[in-house]
Amino acid sequence: MDLLIQLTLNGLFNGAHFALLAMGFALIFGTTGVVHFAYGPVYAVGAYIVWALVALAGLPFWAAVILGVAATAAFGVASYLFIYRPFEIGGSPPFVVLVASLGLFIVLKNLIGIVFGTDVKTVDSVAYDVHFVGDAFFTTVQVGQVLAALLVGCGIALFLRASRYGKAIRAMADNREMATVIGIDTKRLSILVFALGSAVSAVAGSLVLLRDGLNPNMGFGAVFVAFVAVIVGGVGSLRGAVIAGFLLAFVQSLGMWQIPTEWQNTIVFVVLFGFLLARPSGIVRRA
Amino acid sequence: MEYLAHVLVMVCLYGILATSFNLLIGFGGIFALAHATFYASGAYAAGILATKLGIGFPFTMLAGMVVTAAIGLLVAFPAMRVGSHYLVVITLALQAITIDVLMNSKPLTGGPDGIPGIPPVSLFGTPLNNPVAFLPLAAVMAALCCAVAWRLGASPFGRSLRAMRENEAAAQAVGKNLVRMKLVVFALSAGLASVAGSLVAHYIAFVNPESFTIEETILILAMVILGGMGNLWGSLAGAAILVLLPEGLKFVHVPGDIADMVRQVIYGVVLIVILRLRPEGLFPETVFRPPTGAVLPTVPANGPVSAVVRAEGAPGEVVVSAKALAKSFGGIKAVKDLTIDLRRGEIVGLIGPNGAGKTTAFNLLSGFLRPTGGSILYHGRDLTKLKPHEVVTAGLARSFQDLKLFTKLSVVENILVSLPRQPGDNLLDVYLRPGLVRRAERENVARALEIASFVGLLAKADEVAANLSYAEEKLLVIARLLATGADVLLLDEPLSGLDTGTVERICGVLRDLARANKAICIIEHNLEVIRGVCDEIVFIDEGRVLTKGPPDTLMRDRELAERYFG
């Protein structure tokens with residue numbers, strides 16, 4: 001019973017992490033259509049910046065997170081403006097943009113390794129508590145993950161529904177050509193979603209820094225989970241991506257009941273495979 | 001000497017990987033990110049079989065090919081049915097679990113430590129345990145793999161692949177089974193990549209998971225892009241350049257692990273730069289021209305009607321009978337109650353205002369949409385559940401309003417690819433019965449040229465479709481439709497946007513087709529034309545047939561005049 005509680009809790013906390021990653025990716029992919037593969041290493045860069053600010057510069061964690069999120073947003077925007085945008089202007093087919101994002105992926109990932117080294121980075125200056133439910137336990141960091149997912153999720157939902165920019169983003173996600181025709185500035189919106197999406201990933205990255213620590217390979221797993229969540233959730237649906245993020249985490253976590261931890265990616269794959277066979281349009285279908 | 005031989009061996013191995021990847025993305029337009037997986041699968045199959053079961057080289061390789069092709073098929077199947085993003089994500093997932101499996105199935109794969117002590121290839125009792133000795137084998141295998149890839153590229157199957165890459169809907173509309181084609185090329189590409197894997201396992205004598213991460217796939221992709229997609233020699237050149245380029249790092253003193261990362265950064269930068277400066281790569285796509293030269297002089301210009309295969313049966317006999325067809329998208333009913341008969345030797349004009357459901361009707365009849373109600377009988381056979389390519393094979397073909405030509409293929413290739421029942425579309429025949437394929441190809445080229453001549457495009461036979469005038473494009477659409485051999489032809493606005501001369505020419509072609517006993521249905525707005533060629537008009541509005549009859553009677557109808565003719 002305690003094991004079940006522990007696994008459910010893990011699913012919840014990890015689900016919050018996946019949901020954050022999926023939201024950021026879904027914002028960018030759903031709006032601009034760019035398969036932003038370098039989303040993974042950009043998220044990693046953000047987490048490393050937070051680490052450097054805390055561990056090397058001695059900043060308090062909250063200040064480091066604010067600066068780190070801002071820097072990651074800037075990184076995301078730069079990757080759009082300098083890498084993807086020129087291809088969009090040139091009218092390149094989507095697959096060329098995808099290949100460029102793979103190029104950026106491999107460059108950033110290895111630059112992280114060169115600059116920071118390949119050992120695991122952790123911070124020990126931030127103290128947090130461990131809480132118990134029977135024999136099951138969780139930490140304040142994990143609570144933070146859930147809160148962050150909740151706040152960011154609600155914030156984005158509100159932004160997309162209520163604000164002028166948010167509505168424009170939804171219009172662009174729905175039909176880019178029409179959006180251009182009615183005078184929506186798609187370049188500005190792309191910059192905005194790249195900034196937002198990357199910032200969201202940096203929030204996830206900061207918390208993972210406290211929970212697990214960092215290594216240069218972390219980007220692949222992140223973009224993998226995010227991409228799968230977006231497909232399983234239904235392309236174009238932020239809500240679907242969040243649900244799928246939690247679903248993946250729960251299936252992974254409950255799978256550990258029987259299956260050793262190391263097979264996480266395989267479990268994700270099985271969920272994806274099942275969905276592609278049974279419901280290829282994803283959890284939330286769009287008309 | 002050893003060092004040079006080693007570099008050349010790596011060029012051979014990456015040459016195999018890059019050419020096999022090129023088959024997939026350059027020819028088939030299939031974007032998958034699993035090449036490192038196929039490479040790994042070949043390498044581990046060799047490692048496991050050789051160390052655990054003591055099996056020797058050629059057999060480890062063959063087993064690896066079979067296993068790898070099977071993995072490729074199994075994984076790709078669900079994704080192929082739905083669309084391109086799905087294949088990217090599912091191959092990405094395959095990449096992720098590959099590392100999972102390699103790291104965690106310790107008894108089999110050795111986990112993070114990999115499999116050491118893989119015995120070298122032994123040829124005629126001599127172990128090939130150093131680069132100099134191994135190089136000839138690597139070169140021969142690379143040449144073999146390239147020959148296999150080249151043969152595929154140059155075959156009718158390769159032509160079908162390129163057509164599919166140009167336009168999937170049009171490839172289906174000329175009778176190609178896209179899922180089958182994609183799976184075949186996927187399996188073949190995977191199998192070839194695994195050859196490089198088994199070679200590297202025996203060569204290095206060691207395999208571990210680190211060599212098969214997503215970076216490896218990106219590296220191979222960079223080689224293909226650099227050399228030029230659709231150019232197999234280019235892939236070899238790309239492999240050579242990207243293997244040699246970072247060798248310069250050897251002469252700068254950086255620690256090993258840093259040098260590795262610097263190498264990866266170089267690959268990434270090369271990839272982005274080449275995409276920016278020269279997205280088509282160093283070499284242009286290889287042109288495989290069918291052998292028209294020998295046949296061309298014997299084909300008369302403005303060819304006779306004999307180019308058209310006469311359909312069997314009595315004129316006036318009902319060939320296609322669609323009853324109460326309905327189609328709704330969500331809550332919108334695009335077609336409500338469409339009943340239409342097509343008869344041998346007759347031309348039916350489908351008219352009606354924009355949004356009346358004319359093109360939807362074509363999509364239903366040709367299998368591109370599945371009706372939500374009603375039935376389509378073709379010679380008494382129910383077509384409603386068939387896929388587009390099956391409908392074409394049955395004998396009903398359609399054209400598209402927006403033409404959907406295979407723009408990078410030549411005129412004669414556009415027609416050739418549409419001819420039915422080509423032995424060269426079967427990969428087994430391509431490799432095992434080259435004589436049969438060659439003979440069939442010769443006959444098909446002659447047939448394609450006859451058709452080109454019939455529509456008046458003989459002079460342009462070897463021209464790339466992208467260079468045609470609009471009128472010529474329209475003629476090519478008809479030629480392609482004819483080539484399918486179908487006896488029911490649906491033409492979506494074959495005459496719109498043309499000058500009177502061309503309209504007359506196409507009308508003549510249509511009448512010839514009707515005389516050859518084909519059942520024809522056209523969507524058209526030009527009433528003069530309709531009066532000129534059609535035997536019957538079916539007027540549809542809001543998804544249902546309002547009225548039908550001979551053109552003259554219908555055009556006198558006052559209500560119709562008000563609603564449509566204004």
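Positions of Cβ are set from backbone N, Cα and C atoms, glycine also.
For the transmembrane segment (A:12-30), same-chain residues at least 6 beyond its ends with a Cβ under 8 Å from one of its own Cβ atoms are 36, 39, 43, 76, 138, 142, 145-146, 148-150, 152-153, 156, 169, 173, 193-194, 196-201, 203-204, 207-208, 222-223, 225-227, 229-230, 233, 235-238, 241-242, 244-250, 252-253. Annotation source TrEMBL lists transmembrane segment at A:12-30 (among others).
Annotation comment: TrEMBL describes A:37-55 (among others) as transmembrane segment. Sequence-distant contacts of the transmembrane segment (A:37-55) (same chain, at least 6 residues past either end, Cβ-Cβ under 8 Å): 21, 24-25, 28, 61, 63-65, 67-69, 71-72, 75-76, 79, 83, 98, 101-102, 104-105, 108-109, 112, 116, 121, 123, 125-126, 197-198, 201-202, 204-206, 208-209, 214, 216, 218-224, 226.
Residues or ranges marked as transmembrane segment by TrEMBL: A:61-83 (among others).
Residues annotated as transmembrane segment in TrEMBL: A:95-116 (among others). Counting only same-chain residues 6+ beyond the ends of the transmembrane segment (A:95-116), those with a CB under 8 A from a CB of the stretch are 34-38, 40-42, 44-45, 48, 52, 79, 83-84, 87-88, 216-217, 219-220, 223.
Long-range contacts of the transmembrane segment (A:136-160) within the same chain, counting only residues at least 6 positions beyond its ends with a Cβ under 8 Å from a Cβ of the stretch, are 2-3, 5-6, 9, 12-13, 15-17, 19-20, 23, 27, 128-130, 166-167, 169-170, 196, 200, 203-204, 207, 210-211, 238, 242. Per TrEMBL, transmembrane segment is recorded for A:136-160 (among others).
What TrEMBL records for A:189-210 (among others) is transmembrane segment.
Annotated transmembrane segment per TrEMBL: A:216-235 (among others), in sequence order.
Annotation source TrEMBL lists transmembrane segment at A:242-260 (among others).
Annotated transmembrane segment per TrEMBL: A:266-284 (among others), in sequence order.
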Count, for each of A:61-83, A:242-260, A:266-284, the Cβ pairs lying under 8 Å from the transmembrane segment (A:189-210), and report the range with the highest count.
A:61-83
Ranking A:61-83, A:216-235, A:242-260 by the number of C-beta pairs under 8 Å to the transmembrane segment (A:266-284), which range is first?
A:216-235
